[in-house]
Amino acid sequence: MVNTGRFVILVLAYRFLVPILSAEPDHAARESYVVYMGSPSGGGGDLEAVQADHLQMLSSVVPSGEQGRAALTQSYHHAFQGFAAVLTDKEAAALSGHERVVSVFKDRALQLHTTRSWGFLEAQSGLQSGRLVRRASGDVIIGVIDTGVWPESPSFDDAGMREVPARWRGVCMEGPDFNKTSCNKKLIGARYYGVQPEASTAASHAAAAAGSPRDTVGHGTHTASTAAGAVVAGAGYYGLARGAARGGAPASRVAVYRACSLGGCTSSAVLKAIDDAVADGVDVVSVSIGMTSAFQSDFLADPIALGAFHAHQRGVLVVCSGGNDGPNPYTVVNSAPWILTVAASSIDRSFQSRIVLGNGAVVKGVAINFSNHSLGGGQYPLVFGAQAAARYAPLSEASNCYPGSLDAQKVAGKIVVCVSTDPMVSRRVKKLVAEGSGARGLVLVGDAERDVPFVAGGFALSQVGTDAGAQILEYINSTKNPTAVILPTEDDEDFKPAPVVASFSARGPGMTESILKPDLMAPGVSILAATIPSAERDDVPPGKKPSAYAIKSGTSMACPHVAGAAAFVKSAHPGWTPSMIRSALMTTATTTNNLGKPVASSTGAAATGHDMGAGEMNPLRALSPGLVFDTGARDYLNFLCYYGYKEQQVRRVSGDARFSCPAGAPSPDLIAAGVNYPSISVPRLRRGAPATVARTAINVGPSNATSAAAVEAPPGVAVRVSPDRLMFSGRWTAARYEVTFRVAAGAGVGKGYAHGAVTWSDGAHSVRTPFAVSVL
C-alpha cells in the first residue's frame, strides 16, 4: 500500500530541486584560500606596497565583471609573503600556476588541542626547587597563539617587573571589552584576528572583522598562564589542587594573538598571527593548535609548518602540541622538523572519588566532582544501565548510557552504572543522559580515558576500571536492593607512578618516518592554570562562583609547559639558536618515573620514542646540556629536497635564488642521514644492508671535554658509533660522528620498529639521543 503523505513530499521536493539543479549557476562556489609565496624579497617592503602587489595578483584571476569582490582577508609580509582571499576553485588553480606562488590551499579549520606540574618537574630533576623561578630573565617574550586572554587574571599581574624590553615592536589592540590599559609589563601585547572557522564567505569575513583579544573560551588564558604566568599563592579549583600557580617562565613577558574561537582557528588567521609575532619581536611561539591526524596536509600546505619555518629563519622557536588522537600510532601532527612537537604526560597528582557500596566495600574511582553525597547522608539505590533500559531500547545501548536508552522512571533518584564499550558515546554525553533521566549519580566502567579525570561539577560521578567495575556489577547481582554513595573528590599528591604517557597523546611516526616525532613530553593531564570566570558554568558546583582557575587536560596544556621551559633556557643562553634550545631540552629529558623505572605508556608497556619522544622534559638540566645539535637552515632546505619538493619551490621558500638541492634527492634515507637532528629515525633497515647516520655535536660544556658513547641497542639490532669518543679543544667546537645500524647476524628480530638510544657522557653531562629503527 502506498504511503500517500510520503509520496506527496517526494513530488514537491522533486519540483523544487529540478529548477535548481538544471539552472546555470550565477557564481561558482567561493571559499577562503591561502596563497603562499615563500620568503619576502628585499626585507618584505612597505605594507601598502605589498598589499597593492597582492591585490594586483588577485585581480589578474578575478573576472573583469566581478572586480569589486577582489579583496584580501589577510596579507603576509613580515617573515614570509602571501595573502588570503575568497576565491573560486578555478581562480585558486589559476593563482597556483603563477610564477611567484609556491602553494595555494584552502583556509581549513584547525583544532584546539584541548601548578603542581612545575614542582613535579623540578622534583624529577633532583635539583633545588625554586631555581627555575629565580634564574629566569624578564627579557624573553613568549607569543601565545590561541583564543585570547583574560587580562584581569592574577596570573598576568606585573608587580615587580622591569620595563618592557625596548626591542618590543608589538601593539595592544583595543576592542569593545579590551583597552590599552589591559596590557602591562607582563602582558605586553595583544592582537586579534576577526576571521573564524565559521566565516568562510566574503560577507561573513567582513561581519567578523570586529572583536577584541579578550578570551571567551578559557583555552588561551590557560595556555598563556601555563607558559609564563606570575606566581599566584593559594590558587586552586574549588578546594582541589591548592598551592602556588605559576608558569614555566614567570619572569618572562607574554604577547597573545587571538586567532581562534570555540570552533577552532582558520589557517589564514594562524598564519597572520605567526607573521605578526615574528615582526613584533617574540622569542618563542606557543601553538596549542593543529590539524586532525586524519586530514594532515602537505608541509607546503600546512599553515603552522609554513609559519614555523619562517619563524625559525628569524631566530624564533615555535613549540606546538602533537595532538590528542592517541594512543594509536601515526596520529602525531605538527611534525615538521623545524617545529618542537610536544606529547603529554601525567604528573604525580590524582583526583580520586571513592564509591562506597552498601556492603561496606570501598571502590576507588577517578573524577572531579563536588557532589553533596556523604557517608552520613544515606545511600542511593544502585542500578545497572541495562536493567533500566527504556522500552524498545537495546540493552547494549542502555548499558552504555546512549541518549534515549534509559527509562527515567527506573533511573530517577538512583546511581546508574554504565560501561564504556562504545567509544561513540563520550563521558560528557553519558553524564548528560544520566542527569537528564533524574539520576543522582553515575559510575562509569572502563579503562579508556581513565587517566584523565572527568570534570563533573556538582554531579556525583566516578570512573573505575574494568576489574573494579566487575566488582560493582557482582555486588548489584548479589542483593535485591543494592545501594551506594559517590563521595566528593579528594586530590592525592605524590601519586606513583608518574609521569605516564597520556592515553590521548598522539603517537608517532609523523608525516615523514625519517624524523622521530614527537620530540619531547611534558605535563598535560589535570593541569591547574588561569581561566575566564564565565567558562564552563555547567561545571560550577551549586552555590559557588566560577573559579578563576581551571583544571584542563590535553597536549594543549603540555605545549606551553615546553614553551615556558624554552623561554627559561633562552634567558640563560640568549645567543642560542632555536634548534640549540630544542636540542638542550631533548637530550637532557628524563626517561624514568618517580619509582626509578622506565616511563610507561598509558597501555602499561614501556614508552618508546614514538610515545614520548626523547622523554619528559627537565628544564633545569637543560640549562647545562654539555653538547647541542644545531639544525641549521640548510638542513631544513635539504629536508624539503629529500622529501620530494622541486628545487624551484625550495628556492622560493628559502628566498635564496642560488640554492641547489643535494645529489640523490628525493630520498627518505637521506633525510635520516643528512639532517642534524637530536634524535634518529631510520625508516628502512633491510637485512644485510646497514644504514649509517651522521650527526655533528657542538660542545657548550667545559673546554677540553671528552665524551664517550654508550649504546642502548634493542634486541636483534647491532649499533656501532664511530668514533666512540669525541674530543673537543674548547667551547663551541664541533665534532662529527656516525651511527651505523644493521640487523644482527642470526637474529630472529621481527619486522617493525625497534627503539634505543646513544648517550654521550663526559662525566658531568649525559647527552641522550633516542633512535627508532624500522626493520623490514
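Each residue, glycine too, has its Cβ placed from N, Cα and C.
TrEMBL has this to say about the protein:
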- Asp146: active site, charge relay system (ACT_SITE)
- His219: active site, charge relay system (ACT_SITE)
- Ser556: active site, charge relay system (ACT_SITE)
- 32-113: domain 'Inhibitor I9' (DOMAIN)
- 139-594: domain 'Peptidase S8/S53' (DOMAIN)
- 675-773: domain 'Subtilisin-like protease fibronectin type-III' (DOMAIN)
- 1-23: signal peptide (SIGNAL)
Distance, Asp146 (active site, charge relay system) to His219 (active site, charge relay system) (CA atoms, angstrom): 7
Helix, strand and coil residues within the domain 'Subtilisin-like protease fibronectin type-III' (675-773) as assigned by DSSP: 0 helix, 61 strand, 38 coil
Helix, strand and coil totals (DSSP H, G, I; E, B; other) for the domain 'Inhibitor I9' (32-113): 27 helix, 25 strand, 30 coil
Distance from Asp146 (active site, charge relay system) back to Ser556 (active site, charge relay system), taken between C-alpha atoms, in Å: 10
Neighbouring C-beta atoms (10 Å sphere around the C-beta of Ser556 (active site, charge relay system)): 30
Asp146 (active site, charge relay system): tally of other CB atoms within 10 A of its CB: 29
Other C-beta atoms that fall within 10 angstroms of the C-beta of His219 (active site, charge relay system): 28
